[in-house]
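Enquirer: Per TrEMBL, the feature signal peptide maps to 1-16. Sequence annotations record features per position, and here TrEMBL assigns domain 'Pectinesterase catalytic' to 23-293. Annotation source TrEMBL lists active site at Asp178.
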Amino acid sequence: MFGLLLNFCLFTYVRGQQNPAYDIVVAADGSGNFTTIQAAVNSTNSVNATIYIKKGIYQEKLVIPIEKSGIHFIGEDLVGSVITNGDYTGKPIPGSENATFGTSTSYTVWVQSPDVRFENLTIENSAGRVGQAVALLVDGDRFRANNCRLLGNQDTLYAKDKASRQYYSDCYIEGTTDYIFGNSTVIFDNCVIHSKMNRSFITAASTTLEQQYGLVFRRCNLTAEANVTSMYLGRPWRPYAATIFANSWLGAHIIPAGWSIWSGNNNHETARYAEYNNTGPGAGTAGRVSWSRQLNDTEGAELVPSVIFGANSIFGADWDPTTTGGKQ
């Protein structure tokens, strides 16, 4: 009798400790606390909650509102834990007579709050090649994504606010046109940047003049579909667009000129486009446009999170996601 009671107590204890590291479990099959990620987000009142997302396809238009700070989303499986939606610019908004989605409203996931972290997840815009269709839109500060996949075509990742610092490490990001864009200060560390269409553009920065850095790629691999043989590193969406590729491998699909103008304006005349110590068949500098440049060793040594994300007139405090756990 004592043995049966002990076994029952142990069983009850283990059941209660299934996921001791997670505050909330989301499971599409009903085996968690919620079946949708949005319901899990809406339910938590605690700062720095951890939400575990079990394998499944989550057809959602997910918003992490500004008051839900510090949420850490962890997927059970990189390929199997998928957040997906198919809105795009020009698509009619359900329930409205004439309104349509725009670029900023076509997102699958919108992160408004600070200190949010995604890990081991896939975020997808499934609309196809129909124009602007954002998978991930981030305007919260101190955002981190580690070991994530961002899937889409045009405008896959929208880094939207100049007061937002974002850090992507060991991620896979794909697209066709301007698929990494915006005016945030962003570091991509050891990421795969995969192009899916010829004669198009990886980045479209809209950095402001007061920002020292915009989009910074470090130790990334620039790859492409087998039939993609010509791709620009970027074009300047706004006059002071800032983009740097450093210590990265550039595939043969990168056009010798490297960078493109934005047709119809002179943004390239004040754009801040640079490279440093890149390798690969697309890294040759002889044919680069005259309005881009190669950084010197002193400038290259400053391409670290503590400098790029350091306190200034825009950012109120230092932030180094590689040494502080990502918290202010």
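Glycine residues also receive a Cβ, built from the backbone N, Cα and C atoms like all the rest.
Please go over these features one by one and say how buried each is and what sits next to it.
Expert: Mean model confidence of the domain 'Pectinesterase catalytic' (23-293) amounts to 98 (pLDDT, 0 to 100 scale).
Within its own chain, Asp178 (active site) has Gln154, Asp155, Ser200, Phe201, Ile202, Thr203, Ala204, Arg235, Trp237 as residues 6 or more apart in sequence whose C-beta sits under 8 angstroms from its own.
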